[in-house]
């Protein structure tokens, strides 16, 4: 059993509140450099604070909680805590957000120029981005189902406005589509946790309390079973909408393809992945035995999602829609890990969250480099770009390796633990189906990854070539978007570093 220790300094709340405070300050700051520096540095500080908190957890071999917490009648304890699962979500969100905020300096300058917006646009843009990132960090640390919902909603409004204000195509209509679908998902989740948590006593909404530590099976023991069997499907479907699982995915290709690319780099890997984390905390942890009964259904859903997303991704020519559909396929992996209903499977799912967070962020940032430099999103109009975009090509290759699960990326560990999770499941047919799912999913991922890489970076250079200023001169490419390419490569390399951090990620992993 993992111990529970309180932090002496409120590092967890600070990691959330610093971006929120800076989001207000940045509204009164003008200029691209100043706002970008404030935004990126504050998120980097949040990432460092989360690492410090996790180092304390490792030192004490304990789950840590923030010293600032409160008890609210009817809601239970509102506190923040960190175990390995929460750290993976919160740190990935903070680290990717910090790099994306810096990357925005180049990309959004290009986008603002296209839209005819001036220097004033930077303040609102970074304010919204900071609020969105703060919500993502909070989701990973919330101990209470209602607090989780509040942070989830904190991600919704800023991301809606970012799409509506700075997106592409019919951005207002697509932003409304995104808002409606994801809010329906949040509402279903909220109704489910209210239904189950209300009947479970004073701390019925908590998966962790300062006095008891990690709480598992709460709803199974304290809430009537017939109520839990109604509530859990609502939570799973609600979070399934967030994850864009098959049948609930129709909003994702539009929103992620037409969002401003820095936001896409956060939406696709980080935001949709928190749906899996929500299922882990407020379905698998609160009612583990009932949740395990859904294994055949969830396993089938995961397999269909993996195959469908991969096949449709193969058919795409638009690079951002291709990446959006590949995200649908990758969410199948997360659901596959959850479907095992085992500690190893859960660890595999969260490790895949990390792999997808850094790998897919690198790929969407790659798409941004292409949009700025090549002036097209059509992969059929690209080719041979590795010769004049070596850093971007390297980042893209590493990003695809993350998705495929090729060493030394953390994706290899995620698939290993997902399969290991199914070896603990008694029905051998479940392991066989899971193994087939991983083989099929990995094959599809490899095919669409390698095919798209070949289309974009290999072969002869087509008519569309990178430009420097107004000159279509490939040799001048590196001078203009070099910063974008370096940051794209950086986010991919951070994901590789996680491969070597596995022993530490596994050290404070709870089981129930």
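Cβ atoms here come from the backbone N, Cα and C positions, even for glycine.
No curator has checked TrEMBL annotations; they are predicted automatically.
These figures come from a predicted structure and were not determined experimentally.
Sequence-distant contacts of the transmembrane segment (12-29), counting only residues of its own chain at least 6 positions beyond either end whose CB sits under 8 Å from a CB of the stretch, comprise 35, 38-39, 42-43, 45-47, 49-50, 53, 64-66, 68, 80-82, 90, 94, 123-124, 126-128, 130-131, 133-134, 137-138, 141, 151. If you look up TrEMBL, you'll see 12-29 (among others) marked as transmembrane segment.
Sequence-distant contacts of the transmembrane segment (36-55) (same chain, at least 6 residues past either end, Cβ-Cβ under 8 Å): 7, 11-12, 14-16, 18-19, 22, 25-26, 29, 64, 82, 87, 90-91, 94-95, 97-99, 101-102, 104-105, 122, 126, 129-130, 133, 137, 504, 508. What TrEMBL lists as transmembrane segment is 36-55 (among others).
Under the heading transmembrane segment, TrEMBL lists 85-109 (among others). Sequence-distant neighbours of the transmembrane segment (85-109) (same chain, 6+ residues past either end, Cβ-Cβ under 8 Å): 15, 32-33, 36, 39-41, 43-44, 46-47, 50-51, 53-54, 57, 121-122, 125-126, 129-130, 132-133, 136-137, 139-141, 166, 260-262, 265-266, 269-270, 273-274, 277, 280-281, 346, 350-351, 353-354, 357-358, 361, 365, 368, 371-372, 481, 483-484, 487-488, 490-491, 494, 505, 508-510.
Here the transmembrane segment (121-140) has long-range neighbours at 15-17, 19-20, 22-24, 26-32, 35-36, 38-39, 42-43, 46, 50, 80, 86-91, 93-94, 97, 100-101, 104, 108, 112, 115, 147-148, 150-159, 161-162, 165-166, 262-263, 266, 270-271, 274, 277-278, meaning same-chain residues at least 6 beyond its ends whose C-beta is under 8 angstroms from one of its own. Feature annotation from TrEMBL assigns transmembrane segment to 121-140 (among others).
Under the heading domain 'NADH:quinone oxidoreductase/Mrp antiporter transmembrane', TrEMBL lists 142-437.
Per TrEMBL, transmembrane segment is recorded for 175-198 (among others). Beyond the ends of the transmembrane segment (175-198), by six or more residues, the same chain brings 76, 145-146, 149, 152-153, 156, 159-161, 163-164, 167, 204-205, 219, 223, 227-228, 230-235, 237-242, 248, 250-251, 254-255, 275, 278, 282, 286-287 to within a C-beta distance below 8 angstroms of the stretch.
Sequence-distant contacts of the transmembrane segment (230-251) (same chain, at least 6 residues past either end, Cβ-Cβ under 8 Å): 152, 177-178, 180-182, 184-193, 195-196, 219, 223, 271-276, 278-279, 282-283, 287, 290-291, 294, 298, 301-302, 304-305, 308-309, 327-328, 331-332, 334-335. Look at TrEMBL and you will find 230-251 (among others) tagged as transmembrane segment.
Sequence annotations record features per position, and here TrEMBL assigns transmembrane segment to 290-315 (among others). Nonlocal intrachain contacts for the transmembrane segment (290-315), taken as residues 6+ away from its ends with a CB within less than 8 angstroms of a stretch CB, comprise 220, 225, 228-229, 232, 236, 240, 245-246, 249, 283-284, 322-323, 325-333, 335-336, 338-341, 425, 430, 433-434, 436-437, 440-441, 444-445, 447-448, 451.
What TrEMBL records for 322-347 (among others) is transmembrane segment.
TrEMBL lists 353-376 (among others) with the feature transmembrane segment.
Sequence annotations record features per position, and here TrEMBL assigns transmembrane segment to 388-410 (among others). With a cut-off of 8 Å between Cβ atoms, the residues of this chain six or more beyond the transmembrane segment (388-410) that come close are 326, 330, 351, 354-356, 358-363, 365-366, 369-370, 373, 442, 445-446, 449-450, 452-453, 456-457, 461, 465-466, 474-475, 477-478, 482, 484-486, 488-489, 491-493, 495-496, 498-500, 502.
If you look up TrEMBL, you'll see 430-451 (among others) marked as transmembrane segment.
If you look up TrEMBL, you'll see 482-505 (among others) marked as transmembrane segment.
For the transmembrane segment (482-505), the partner stretch with the most Cβ pairs below 8 Å, chosen from 322-347, 353-376, 430-451, is 353-376. If you look at the transmembrane segment (353-376), the same-chain residues 6 or more away from its ends with a CB under 8 A from one of its CBs are 88-89, 92-93, 95-96, 99-100, 103, 106-107, 110, 261-262, 264-266, 268-270, 273, 276-277, 319-320, 323, 326-327, 330, 333-334, 382, 385, 389, 392, 395-396, 398-403, 405, 409-411, 414, 456, 464-467, 477, 480-481, 484-485, 487-489, 491-492, 494-495, 498, 505.
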